[in-house]
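Engineer: The region 'Disordered' annotation in Swiss-Prot covers 118-177. The repeat 'WD 1' annotation in Swiss-Prot covers 285-325. As annotated by Swiss-Prot, repeat 'WD 2' applies to 332-371. Taken from Swiss-Prot, the feature repeat 'WD 3' covers 374-413. According to Swiss-Prot, the repeat 'WD 4' annotation covers 415-454. For 456-495, the entry in Swiss-Prot reads repeat 'WD 5'. The repeat 'WD 6' annotation in Swiss-Prot covers 510-549. Per Swiss-Prot, the feature repeat 'WD 7' maps to 552-585.
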Amino acid sequence: MLFLVISQTTSFMITVRQFTFTIFKFQFMATSNVSSRVNELLEAVKKEFEDICQKTKTVEAQKDDFEYKAMISAQINEMALMKQTVMDLEMQQSKVKDRYEEEITSLKAQLEARRKEIASGVVPQSSKTKHGRNSVSFGKYGNAGPFNSDNSSKPLILNNGSSGGTPKNLRSPAIDSDGTVLAPIQTSNVDLGSQYYSSPHVRPAVGATMAGSAMRTFPSNLPLGHPPPPSDSANSSVTPIAAPLVVNGKVSGNPPYPAEIIPTSNVPNREEKDWTVTSNVPNKEPPISVQLLHTLEHTSVICYVRFSADGKFLATGCNRAAMVFNVETGKLITLLQEESSKREGDLYVRSVAFSPDGKYLATGVEDQQIRIWDIAQKRVYRLLTGHEQEIYSLDFSKDGKTLVSGSGDRTVCLWDVEAGEQKLILHTDDGVTTVMFSPDGQFIAAGSLDKVIRIWTSSGTLVEQLHGHEESVYSVAFSPDGKYLVSGSLDNTIKLWELQCVSNVAPSMYKEGGICKQTFTGHKDFILSVTVSPDGKWIISGSKDRTIQFWSPDSPHSQLTLQGHNNSVISVAVSPNGHCFATGSGDLRARIWSYEDL
């Protein structure tokens with residue numbers, strides 16, 4: 001019995017052990033299967049992630065390629081549009097060119113017909129010049145305006161001698177592009193002079209010289225002006241200015257009259273074919289008789305006009321050339337053309353100056369070089385180099401041995417003419433627009449873009465600075481006795497200065513900023529040029545408002561207005577003989593005028 005119990009117990013224990021082993025085996029197998037499945041799932045996820053990354057890279061590459069192709073396509077379309085636009089413009093330009101060529105041919109035919117009529121003794125009615133004085137309403141010019149008198153005299157719009165528009169993109173200061181310009185007359189049967197020269201059919205006689213008239217000097221009892229405080233800096237540097245002189249703005253229509261004049265029906269004007277003289281003194285005749293002597297046609301803008309010391313010749317500066325005319329006849333004597341410069345495009349002669357003996361003509365050009373020409377030989381006698389910007393102004397000393405130049409590089413240079421070398425360099429704070437020797441050659445005046453006028457001795461000592469203008473100073477001129485200085489500015493005013501450096505006053509007693517004796521107002525736009533008559537009686541100014549005005553040193557108001565150009569009056573010069581003056585303009589014309597006191 002006991003054995004049976006033991007046997008059953010043993011059998012039960014064996015059964016339990018087998019059952020336990022079976023359970024452990026099953027658990028082990030289950031754990032192994034789960035681990036394997038997890039690994040498989042992880043591998044699948046990893047593979048899927050890698051596939052997605054690869055597809056993303058492929059899509060991004062395709063996107064970049066698509067955007068690049070789209071950009072190229074847009075640029076191709078834009079280029080095609082630009083090409084079509086250029087072709088359209090070329091077609092329009094060709095049509096305009098053909099039309100202008102037809103007009104030029106027609107005008108040449110009309111001109112030739114008129115010449116034949118004149119040669120045969122038949123003068124067309126429209127070519128007769130009006131004479132006498134006409135009393136017309138102030139500010140009125142008849143039916144056609146001051147610059148258009150008949151259909152045959154309508155000017156042709158040209159661009160530096162070629163068809164297609166008015167002169168644009170010129171470096172010369174204060175040149176409008178809105179005014180109509182006259183075409184130079186060029187035919188196969190004219191000489192060199194007639195390409196640039198034209199005179200009225202009937203020329204008034206040259207006025208008598210001023211030698212016999214009462215000499216009048218600048219008064220010393222003029223009311224003292226009140227210039228504003230001096231500019232910030234008195235010292236200067238040599239740093240060149242970044243840009244050449246450029247005058248902005250436009251003048252539309254005919255220039256207005258001075259503000260102080262009230263239009264009345266009984267104020268006399270003298271009206272000619274294309275120029276008018278207006279008295280600015282109410283109810284009085286013009287105090288000066290002005291007559292047009294010669295019209296000198298050019299193929300480009302005239303930047304400068306200058307008389308020789310004997311008054312027999314007039315020099316003009318224009319694009320790539322300086323011209324010398326006979327004042328009495330108006331004929332072109334010499335054409336000094338710049339061909340050696342390597343610079344392409346426009347190359348304007350900004351300033352000209354005769355030597356006192358009339359043998360040489362100095363020219364200041366945009367290529368930063370000064371050429372002293374032997375006029376008779378038509379060759380460059382001296383080439384002066386050293387400026388780093390364009391040259392805007394030149395003047396010879398009284399003895400002709402020294403030349404002074406002003407440049408945009410902020411320097412005034414004195415040159416030994418015989419040696420062709422720099423003698424002295426004077427520095428300013430900004431570009432120098434105008435320079436001039438005093439009549440005795442002891443002082444040099446210079447106007448600048450920094451609104452200041454500086455006076456040096458001929459040895460280079462700065463003795464005086466004149467402050468008062470509110471904008472750049474573009475022109476200066478000494479009085480005949482050298483005691484006064486006239487300045488013209490872009491602030492539309494002219495100022496008369498009493499020079500302390502020529503007086504017996506000690507430098508320590510100088511009034512700071514200078515002594516302004518008079519401020520002249522009346523011009524409606526920039527003052528581009530001023531000059532003083534040899535007897536000191538008249539100040540003559542040229543302006544961007546297209547007028548020339550006469551001023552008496554005694555009065556701040558203009559005495560007379562001359563309208564003789566249909567673009568900016570860039571330069572004015574008076575003859576040393578005192579009986580005539582010259583003007584140069586953006587309308588491609590220089591004119592010589594006579595004047596005489598009434």
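Placement of Cβ uses the backbone N, Cα and C atoms for every residue, glycine included.
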Engineer: What does the DSSP secondary structure composition of the repeat 'WD 2' (332-371) look like, as residue counts for helix, strand and coil?
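Structural biologist: Its residues divide into 0 helix, 22 strand, 18 coil.
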Engineer: Within the repeat 'WD 7' (552-585), how many residues are helix, strand or coil going by DSSP?
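Structural biologist: In the repeat 'WD 7' (552-585), the DSSP-based counts are 0 helix, 18 strand, 16 coil.
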Engineer: Hey, which bits of the same chain come close to the repeat 'WD 5' (456-495), Cβ under 8 Å, at least six residues off its ends?
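Structural biologist: Contacts of the repeat 'WD 5' (456-495) (Cβ under 8 Å, skipping residues fewer than 6 from its ends): 173-174, 217-218, 225, 227-231, 234, 247, 397, 402, 412, 414, 424, 426, 433-450, 501-503, 507, 510, 513-514, 516-521, 523-532, 534-536, 539, 541, 543, 551, 553.
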Engineer: For the repeat 'WD 3' (374-413), what does DSSP give as the number of helix, strand and coil residues?
Structural biologist: 0 helix, 23 strand, 17 coil
Engineer: By DSSP, how many residues in the repeat 'WD 4' (415-454) are helix, how many strand, and how many coil?
Structural biologist: 0 helix, 23 strand, 17 coil
